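> Mind looking over this structure? Questions follow.
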Amino acid sequence: MDPASSPNPASASFAPAGFPSDTDEDGVSPGYIVPEIIVTEPAWRRHIPHADRLIRRVARAAGSTADCVVLSCDRDVRRLNARHRGKDKPTNVLTFEPVGMPGAEGGEIVLALGVVLREAKAARKRPVHHLAHLLVHGVLHLHGHDHHHAGDARRMEAEEARIMRSLGMPNPWKRS
């Protein structure tokens, strides 16, 4: 995907950081989309050094359809959140379906480093575990999951916990 020509809001102004392989070590398509990883906030590498590996692990475990994961900063996520959701504040994760193709595979997940770190600290969680949870959360949104109603929220939380368990990570909904 060429972010400069992308109609999607998150990658439209960002330069690519690299293109991971779309096959596994045996040359077989893995059954999930290996997302392009764009790092627009270099501090991600300091706080979560192997975020790229984690993104690929989560993509595999969650059956990701995301074309792109953007590791961004609070300022840029705040702008996106204001423009697309009318909320003038940063949020932890935003997801964008493919433009003009509701229900189609693909889409983007954008994360704000400052929010992710503050939330992890407040919840006494390791930042890598919180990032994994937010990636799973974003993938589930791209799969059509929602949490606007209590029943939907419970189902989404249960699926998040199941995927996190498959990754060998703690249930994000249990207090430690």
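Cβ coordinates are placed from backbone N, Cα and C, and glycine is handled just like the others.
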> In Swiss-Prot, which of 1-26, 131-156 is labelled region 'Disordered'?
1-26
> Determine the Cβ neighbour count for HIS137 (Zn(2+) binding site): the number of other Cβ atoms within 10 Å of its Cβ.
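I count 22 other Cβ atoms within 10 Å of it.
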> Under 8 Å between C-beta atoms and at least six apart in sequence, can you list the same-chain neighbours of HIS141 (Zn(2+) binding site), or say none if there are none?
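Counting only residues 6 or more apart in sequence, the Cβ neighbours of HIS141 (Zn(2+) binding site) under 8 Å are THR95.
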> Taking the center of the Cβ atoms of HIS137, HIS141, HIS147 at the recorded Zn(2+) site, which other residues in this chain have a Cβ no more than 8 Å from that point?
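Not counting the recorded site residues, we get VAL93, THR95, GLY138, LEU140, HIS145, ASP146, MET156, GLU160.
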> Same chain only, sequence gap of 6 or more: which residues have a CB within under 8 Å of the CB of HIS147 (Zn(2+) binding site)?
ALA153, MET156, GLU157
